[in-house]
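> Have a look at this one before I ask anything.
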Amino acid sequence: AAMLRALGSLLWLWALPVPVPPLGPGAAARGLDVASYRERVRAMFYHAYEHYLESAFPYDELRPLTCDGQDTWGSFSLTLIDALDTLLILGNVSEFQRVVSVLQEGVDFDIDVNASVFETNIRVVGGLLSAHLLSKKAGVEVEVGWPCSGPLLRMAEEAARKLLPAFQTPTGMPYGTVNLLHGVNPGETPVTCTAGIGTFIVEFATLSHLTGDPVFEDVARKALKALWKNRSDIGLVGNHIDVLTAKWVAQDAGIGAGVDSYFEYLVKGAILLQDKELMSMFLEYNKAIKNYTKFDDWYLWVQMYKGTVSMPVFQSLEAYWPGLQSLIGDVDNAMRTFLNYYTVWKQFGGLPEFYNIPQGYTVDKREGYPLRPELIESAMYLYRATRDPTLLELGRDAVESIEKISKVDCGFATIKDLRDHRLDNRMESFFLAETVKYLYLLFDPDNFIHNDGSVFDVVNTPYGECVLNAGGYVFNTEAHPIDPAALHCCRKRKEEQWEVEDLMREFYSLKKNKKFTLKRASDHGEGESAKGPEVASSEKGGEKRNSKKSSHSLLSCPSQSFNSKLAVLGQVFLDNT
């Protein structure tokens, strides 16, 4: 019991300072049947997923108006990878297992394709890592050494290695596009958006911790710090930068397209890695953002060096921000901004890509809604923090709008224009990876994703015991959940530490006729021998210990899930239009 209480407290180390209140009468009083909407979201998923399988697989995406498929981000069967962990969140273990087998047999990264470094990371690497870490929970027969090895982990590593050539620049900031077979093409543009540089630490640090190869985390950190180094004197970053010269090409600063997930990953990386430096970087940015871009709980675009307003526009991608605010405990400000954004949803039945705040209307050629998840995502996080029924009402409105406007015979179509509800022939993979997932989690308070640490698994790895599935999942920006405790399971670098500590014990006159070992479960290298040496029989030194007798190390598990957001790289703003 003491262990459970301690684990729970660690899980909430980075959590909101606001306790989660019990489900009050508000939702029922407003006539919202949560269970009914949860099942409607489930039906939405399968309507889209089954038509993808029937009409589009093995292409990346479904074209719902013509009932066929197209490759968009690299010919990876992208929708299948993106939807995989959503299957488990919906409880479909058998289909999860089937898709894992299909992906192992059918996905090849050794192809002559120009791929987005950003998109390949968040969708493919992130999706495969999440599925790898959820495999055992889904009943997949995992190999010896899991989670430190496994076919999906090897696929994720292979995909990530294809991206590494993009980071070979003088600044450490990556190119935006890489050829998976040949590396960076000669003549490739060196201009990359800020988010395309700063959105790697979650996936790449996870890879480094699971595989023992530090190169992934190293390049991700170098890119993050390069952006930090090149912020303006007033503490802001622009939209696009030349990765060879570190000169800002687009100097508009804001929280939306082209920038957004950089801020998200500073917080997310801080939570995942318990990294104070990353959090302090975000908090400094947050001060500048409030000082120069925030007006009446809206966030505008400003010139990064002067702080003068360049565009009084709200972008749909910015709707992740209230969720991010909630994760650092700023719930009151988060709710005020969320309610601003919700008024736009009510006006159009969705969030237009651009919304002119002073005029209160859409921006020309930016009237569409490609079924993005950001506002729903923020509603989920804020509901976990407040239980305010208004957040469930946004979920209800989203289900009603998407079903009424976007649903077609072969899936759900992008809304080309929210003013007249014209549709476009595309269903982006993030609809199944993010939009449906966040809706379902909003309406499913008992989902395993919301685990508070009261239930967990203990697994044996080649490096000792570790705790998994205790909650605190950190979502990447494509809503792929990463179990932060897994990062403590495969610390190959610590093997030398164990050897040194064992030698030191022998040096200090420990009995030579007994073998003393440290338990290798602790994140900080503190085994049971901190209280007293544990005697292990020489022939059974590696066998699994009885869980009732073991005092498992309590990992510094970050609290609760993070948020997703950017799915399409941002706009370059070169003027004030």
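Cβ atoms here come from the backbone N, Cα and C positions, even for glycine.
TrEMBL does not curate its annotations; it predicts them automatically.
Among the features that TrEMBL reports, active site, proton donor is placed at Glu119, Glu353. The active site feature in TrEMBL is assigned to Asp260, Glu374. Here TrEMBL flags 521-558 as region 'Disordered'. Residues annotated as signal peptide in TrEMBL: 1-22.
I'd like to know what surrounds each of these features in this structure.
Around the Cβ of Glu119 (active site, proton donor), the number of neighbouring Cβ atoms within 10 Å comes to 25.
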> Pop the Cα-Cα gap between Glu374 (active site) and Asp260 (active site) into the table, whole Å please.
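Given the Cα positions, Asp260 (active site) is 11 Å from Glu374 (active site).
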> Using Cβ atoms only, which residues of the same chain lie under 8 Å from Glu353 (active site, proton donor) while being at least 6 residues apart in sequence?
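Spatial neighbours, sequence-distant, of Glu353 (active site, proton donor): Gln315, Ser316, Leu317, Val363, Arg366, Glu367, Gly368, Tyr369, Pro370.
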> Neighbour count, 10 Å Cβ-Cβ cut-off, for Asp260 (active site): what number do you get?
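Its Cβ shell of radius 10 Å holds 28 other Cβ atoms.
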> Write down the Cα-Cα distance for Glu119 (active site, proton donor) and Glu374 (active site), rounded and given in Å.
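Here the two Cα atoms are 17 Å apart.
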> Would you mind checking how many other C-beta atoms are within 10 angstroms of the C-beta on Glu374 (active site)?
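Cβ-Cβ neighbours of Glu374 (active site) within 10 Å number 28.
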